[in-house]
Amino acid sequence: MDLYLLASGRKFGVVKSDCISNNGVNVKDVGNALNEGVVGAIDATRKMVVSLGTVMPEIQKCGVTFEESSEDVSDFYLVRWDSIDDPLNPKNWPMWKKWIVVVQISLIAFVVTFGSSVYSSGIGNVSMDFGVSISVSSLGSCVFLVGFGFGSLPFAPLSGIYGRFVVYFCTLLMFTLFQIGGGCAQNIWTLVILRFFQGFFGSTPLSNCGGTLSDLFTPIQRTYVLPGFCTFPFLGPIFGPIIGDFICQSYLGWCWVFWINMIMGAVVIVIIFFFMPETHGDTILDYKARYLRNKTRNMKWHTIHERQRNPRSAIYQACTDSVSLLITEPIVVCFTLYLTVVYIIGYIDFEGYPIVFAKYSFDQGEIGLSFIGIGIGIVLAGACTPIIYVHYNRVYTRRNGVMSPEDRLYPLFFGSIMLPISMFWFAWTCYPYHPYVHWIVPLISSIFFGWSLLFVFFVSYNYIIDSYQKLAASALAAATLVRYAASGGMSLVGRPMYVNLGDHWATSLLGFISVGMIPIPFLFFIYGKKIRGLSKHAYKL
């Protein structure tokens, strides 16, 4: 007999009935018992649930993740994992199925981050059409990033209550609908407001990716999965101006940057509706309990998670945890600062590159192509993942399955040094009126900028996740809020900075700031264990 997990009329997956019961007892047996009498039904259901309860110690030994509880193990109606090999548990899924989920959240991340930068291609056109200054039309980029930051706070805890799929699907749907509003906007302030909500609902892939990957992969597996995922949210902003500049210089006009983003979002919505399974373990158990209640007509079947659902409390707790970690935890403070600096540099570049390469007589489409170097660097950094994984695996094996969070920091040694080098390289080789310095020279530096960009991001994320574990979602939400809110504000100063300071010193200023970030990975590599030992919240090895 096949068991279909249903929620709101959608089929989430199918497993055989022996995933529900052991000892030869299944739902059909329960149904037959109901026909024979109440006593028989209770007997059958007890036998079925005892089979669930007896495997819990083994689940604990094997490291299968579930919520701890003070619930009495004699609670026969408490739904748990059936065994350590329960195919409903996402950690037991085949690797191909896990990667299908990773690809889908990567596509969502690409679509929403594409939307963060594609608008910058149309800022000049928006300014002319609505009769406002460049600074006012640039608010569309600013408020998107601010909305992106604030959206990270509620959606991470909501995904822990209602499941990952519901949050991904609903927020992407809202993001796509607000693209339609952007394409139809008749004045600048309508457009600015719509851009904020585009960012707000587009924040979920970056705020929830840590939870989704933790649902599916062990920490050592996450070593190669997270960099693979991270290439997409960084390639999105790179392709934004590349495609957007060609759209805006064509007969289509700036409105089509929103229509293109809407089409991309609609395609991904269809894909995830049909192919994305639920990965949150507690939510899957909720579906299992719901099925048993419907099938046996016994309302006593329940999960711990169902009893603890309180959206308001969860959001409040997540917000307070995020603020607390951001104020009191040196690891969160320093790596949030590092990520913020890197993002500020990246989004200022979206304003600065058009100014620099316009002096080389590039047209709008060619200016967009100047971002390809950053994209190449991001892809090359992702290609280094097998080397990094081999290193981590050796450490993991040598230490009998124990890894320190500080072991994650090695790639950042390279990234932290290469970041300022790439900035100074770009700053002092962009001579558009010098016959002996070709435009390709500063563009080559952007490859190393993209490389360091990805290293900083995925190493920081892995280090925070390993350091805070259960509170990692709150720590990452705090980092997301700060870096996007700060990037949004600083994106307004990018164009004036390049105009007033000039190409060389504007980029050099960013380089000097990145020099100040170099000590962070080295200091935490040396003192990280001691800092975690003094923390109330960090994981202590």
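Glycine too: its Cβ is placed from the backbone N, Cα and C atoms.
Copied from Swiss-Prot, the annotated features are:
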TRANSMEM  99-119  transmembrane segment
TRANSMEM  131-153  transmembrane segment
TRANSMEM  165-185  transmembrane segment
TRANSMEM  187-207  transmembrane segment
TRANSMEM  224-244  transmembrane segment
TRANSMEM  256-276  transmembrane segment
TRANSMEM  325-345  transmembrane segment
TRANSMEM  367-387  transmembrane segment
TRANSMEM  409-429  transmembrane segment
TRANSMEM  439-459  transmembrane segment
TRANSMEM  472-494  transmembrane segment
TRANSMEM  508-528  transmembrane segment
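Long-range contacts of the transmembrane segment (131-153) within the same chain, counting only residues at least 6 positions beyond its ends with a Cβ under 8 Å from a Cβ of the stretch, are 112, 115-117, 119-120, 123-124, 171, 188, 191-193, 195-204, 206-207, 315, 318-319, 322, 347, 350-351, 476-477, 480-485, 487-489, 491-492, 495-496. The listed stretches are 99-119, 256-276, 367-387, 409-429, 439-459; of these, 409-429 has the most Cβ pairs under 8 Å to the transmembrane segment (508-528). For the transmembrane segment (472-494), the partner stretch with the highest count of Cβ pairs under 8 angstroms, out of 99-119, 224-244, 325-345, 367-387, 409-429, is 325-345. By the Cβ criterion (distance under 8 Å, sequence gap of 6 or more), the transmembrane segment (165-185) is not counted as touching the transmembrane segment (367-387), fewer than 3 such pairs being found. Comparing 187-207, 256-276, 325-345, 367-387 for CB pairs under 8 angstroms to the transmembrane segment (439-459), the maximum falls on 367-387. The stretch from 99-119, 187-207, 256-276, 367-387 with the most CB pairs below 8 A to the transmembrane segment (224-244) is 99-119.
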